[in-house]
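Peer 1: Annotations per Swiss-Prot:
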- 125-155: compositional bias 'Acidic residues' (COMPBIAS)
- 475-487: compositional bias 'Polar residues' (COMPBIAS)
- 1014-1036: compositional bias 'Polar residues' (COMPBIAS)
- 1037-1054: compositional bias 'Low complexity' (COMPBIAS)
- LYS374: SUMO2 cross-link (CROSSLNK)
- THR422: phosphothreonine (MOD_RES)
- 122-162: region 'Disordered' (REGION)
- 381-405: region 'Disordered' (REGION)
- 444-487: region 'Disordered' (REGION)
- 917-1164: region 'C-terminal glutamine-rich region' (REGION)
- 1004-1054: region 'Disordered' (REGION)
- 349-371: zinc finger (ZN_FING)
- 520-542: zinc finger (ZN_FING)
- 550-572: zinc finger (ZN_FING)
- 578-600: zinc finger (ZN_FING)
- 606-629: zinc finger (ZN_FING)
- 634-656: zinc finger (ZN_FING)
- 662-685: zinc finger (ZN_FING)
- 717-740: zinc finger (ZN_FING)
- 850-873: zinc finger (ZN_FING)
Amino acid sequence: MDPKDESAHVWPTSADHEQSTAQVHFVPDAGTVAQIVYTDDQVRPPQQVVYTADGASYTSVDGPEHTLVYIHPVEAAQTLFTDPAQVAYVQQDATAQQVLPSIESVHGSDPLATLQNPIARLDAKEEEEEEEDEDEDTEEEEEEDAEDTDVDDWQPDPPRPFDPHDLWCEECNNAHSSVCPKHGPLHPIPNRPVLTRARASLPLVLYIDRFLGGVFSKRRIPKRTQFGPVEGPLVRGSELKDCYIHLKVSLDKGDRKDRDLHEDLWFELSDETLCNWMMFVRPAQNHLEQNLVAYQYGHHVYYTTIKNVEPKQELKVWYAASYAEFVNQKIHDISEEERKVLREQEKNWPCYECNRRFISSEQLQQHLNSHDEKLDVFTRTRGRGRGRGKRRFGPGRRPGRPPKFIRLEITSENGEKSDDGTQDLLHFPTKEQFDEAEPATLNGLDQPEQASIPIPQLPQETPPSLEQEPETHTLHLQPQQEESLVPTQTTLTADDMRRAKRIRNAALQHLFIRKSFRPFKCLQCGKAFREKDKLDQHLRFHGREGNCPLTCDLCNKGFISSASLESHMKLHSDQKTYSCIFCPESFDRLDLLKDHVAIHVNDGCFTCPTCKKRFPDFIQVKKHVRSFHSEKIYQCTECDKAFCRPDKLRLHMLRHSDRKDFLCSTCGKQFKRKDKLREHMQRMHNPEREAKKADRISRSKTFKPRITSTDYDSFTFKCRLCMMGFRRRGMLVNHLSKRHPDMKIEEVPELTLPIIKPNRDYFCQYCDKNEMSYFALSKKVALYIAFMVKYLTLQVYKSASKRKAHILKNHPGAELPPSIRKLRPAGPGEPDPMLSTHTQLTGTIATPPVCCPHCSKQYSSKTKMVQHIRKKHPEYAQLPNTIHTPLTTAVISATPAVLTTDSATGETVVTTDLLTQAMTELSQTLTTDYRTPQGDYQRIQYIPVSQSASGLQQPQHIQLQVVQVAPATSPHQSQQSTVDVGQLHDPQTYTQHAIQVQHIQVTEPAPAAPSASQVAGQPLSPSAQQVQQGLSPSHIQGSSSTQGQALQQQQNSSVQHTYLPNAWNSFRGYSAVSAGDTSHESASEIQMMTLPPGQFVITDSGVATPVTSGQVKAVTPGHYVLSESQPELEEKQASALSGAVQVQPSAHSDSLDSTGPSQQQTTQYIITTTTNGNGGSEVHITKP
């Protein structure tokens, strides 16, 4: 509301006011406050008008009760206001504030009288206003003109000098001492509150009480639990305060400041921003309430629990014995009363019948036996314990719910206890016995305390078919699938088992005895009670005629309460409240309904009319219908669920609540529902479980090998200490980390092998709709189409995530291909599920394992190892140089290719599928920009080189540590050697490891061609000349010897590298092949032999492979012959032959007879792949 409008109603304007000025008298105090008295009957919201000292501006702000006028003091005693309509005389004293309606009232009468009676003056003024006959439109125009005049008259205040206590107003471009009088207050948005360091560092198991203060426990904290260290600034002893515990710290001279060398330093625990949560722990006043002890360890102070801290118990600390002497304090002495209380607190086995507590379960069992003598019968109630007497419509628990406790065997009829410690259920008398019994005896009112209390049953209301129950019977009421008390291999004796069984039964019985044992039964309605007083109170409701104050007018039946009478009056009304769930009939009494439902029994069971489910009890089928087939009218306000009963809704509302009022006294876990706490106590803290846990801890677990020694050798990954084999690398790594944490990864040779991962191409099935069968066409056309489709049409990705992003971006709404990880094996007659993934296996990738520097875990990539460190070792995640760079290795592809060739022979290609072959053939004419870079490195430890001079010589070992695979170039370009000559060293001692290279072929020129006889008599090895002992260290290193000079003349030799198409496992069992020697017992090797016309043989068997002159003989099964003019790999089936190896020109070439100086001959390499078992064997490298 505009302040001008408000003032017009309070003090109406007049022509006299506009022509004269007005003065406002006030007391030059801290401010003048006056209450405005309204003269009309119009209802207005509360306002307050704030006037500035010079009267130039004002503002209106809503107040809580009424309108206030604030007049700020100035130096003069009077303030001149330019607008008379806004002026009033204000008088302020210590007791009252008065306001005059106008300045003219003071001129025309006694000012003092007016000030003393402002209300009368206001009434007179109101009468004068009523006499004025003015038009409403004219008044509104005058108000608007007055408002415009007020705005035009407002002038901004002169700029004020800077004062930090002034509030800046950007609209006025000036500062004010408080709220801006023109534009009103600002709209503040406060900062979000942030917890202090002390409160934010509080552990999750603790909480700080907002009202009592101190630190309390949320759950049970065991003894010998350490908290800390204490954090806070260190000050001198004179600066300490008495509101917290004083902790002194002993520091070394290097940790002290210069000024504190001879002064004691104490923790100052009063500032929450500098200390941690331990500042809130209050000191203990005596030994009884102390549960923490303070001590110094190293340079820090810690708190340790000296007893079990129960839930909702406050932590209180005092000094340790030695630390108390250091801080000049005394430890708390233990009085005799405190000793008794402590002994009582150690009794953790309470009895719920008499509130006594015991130290051990055996003492509790002995005490429970005294209660068992009084209770010769133990029954249970139906449902969840809301028992209303014995079931009337069939025995048994509701189907689908497990038994709540162990029910015992009933072997006797008289209620006596059996010898094995079990209890017997008392036999219930039949209807005839109930009629003959006396009322007092049946109610149990006159029975002695320790006598057996017979519990009669209500007269049977079911048909004869339901009451056929034998009087003497034996029940075997054991729980379903009862587990054995002890494991199969246990040290418990039979007495221990019987004692554990008695403890279990007694503990379970006394949990439910209050709900199960109801000996006092009403003869009128059959309701049972645990106490006699409850039965007497109930009997008063069964009033008789003339004995009750309330009487029914229709039948003259008496009642004690109006509620009973109101319930009885329903019998005389036409409304029938009890309806049958099986038929349309309804009844006015519940007992009539129970008699009626007996006609719906079929084979002793009740059938649900909706779902045809069968139940042995009418109460069960009634609950089933109400729960599942009735209208759900009780709607949850938090979610969309609805219920048919209000109690179910209340139970459901606990899910939306954070309150957990039921606390487990053993472990401190909290629950929202009482039944969940009860189930938790039975499942987690029963004596049987505790006995199993204690026995499991005491017994050491014996090791049993899972497999026999014969199967142990068949595994790739195995632990030699435990003689166990594993199918995967990760299983071995986990086994070593758990069983052998001190063993290093380097000591296990299996874990140094590279990790083989499949390499796949992921295609987008939506980018090419015209797919065809490439293999149905001719060979060359299929190769060409395959290449064009792969690189020019199809969208190919190296990961499923990139293909998924492509489909979501370019094909929105399209169905994503199924994940390979979630595929299930195809059934009989079903298509292969891999066809729907649109992927193709292109080979395998061998990567070295990336080891975690903080544990024994291994990963195939650095990314996964970094994720592991961040998750499992967060304390090292932020430290620099904690992640080691893995070693680079070669890519073993299923599509091998010779990367480097000589310009005279052309490039040899080894392929495994047509698609890759087409890609390779057509890529020869492309530039290097379209080729896959081959810049990986391979680590090679040992390469035995077999050389021959005049006869067969022993292999000489040369170490090639690193061989770099160079990118493939055009056949017309010159090829540089990719063997690092500097890596061949002098004879040294090396440790043998796994090899990561499969094929190396080094060619060098021969000065003269050998004759046919020489070739026939020599093995597949280099030239026998001494100058061609090619790759000895002295020659390759370029020494000054004659052999070194001869090596310098062989600058035109080329190096050839090839990937083989199989994984590492395919090279097991390879052996060396020597001429005339079939029993060569050496390490597992791969031998590569080169035939003169460019044809070479890869041997993978231990049998010699002779080649006769003029033809290529059949080799052993598994041998592969690859010709220069034959780009595909053909498997030759043959049998092994004996004899010397003879090499003759093949049918594919005639160049053997005429060899020139430029002819080259290949040096034979034998690549060892033997894995050292313990990593300790050594191979000596000697010079040739």
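A Cβ is built for glycine as well, from the same backbone N, Cα and C atoms used for every other residue.
Looking at the shown structure, what environment does each listed feature sit in?
Peer 2: Helix, strand and coil counts from DSSP across the zinc finger (520-542) read 8 helix, 4 strand, 11 coil.
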Peer 1: Of the residues in the zinc finger (850-873), how many are helix, strand and coil by DSSP?
Peer 2: 11 helix, 4 strand, 9 coil
Peer 1: Report the mean pLDDT of the predicted model across the zinc finger (550-572), rounded to a whole number.
Peer 2: 75
Peer 1: List the helix, strand and coil residue totals of the zinc finger (634-656) as derived from DSSP.
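Peer 2: Tallying H, G and I as helix, E and B as strand, the rest coil: 11 helix, 4 strand, 8 coil.
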Peer 1: By DSSP, what is the split of the zinc finger (606-629) into helix, strand and coil residues?
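Peer 2: Reading the DSSP string over the zinc finger (606-629) gives 11 helix, 4 strand, 9 coil.
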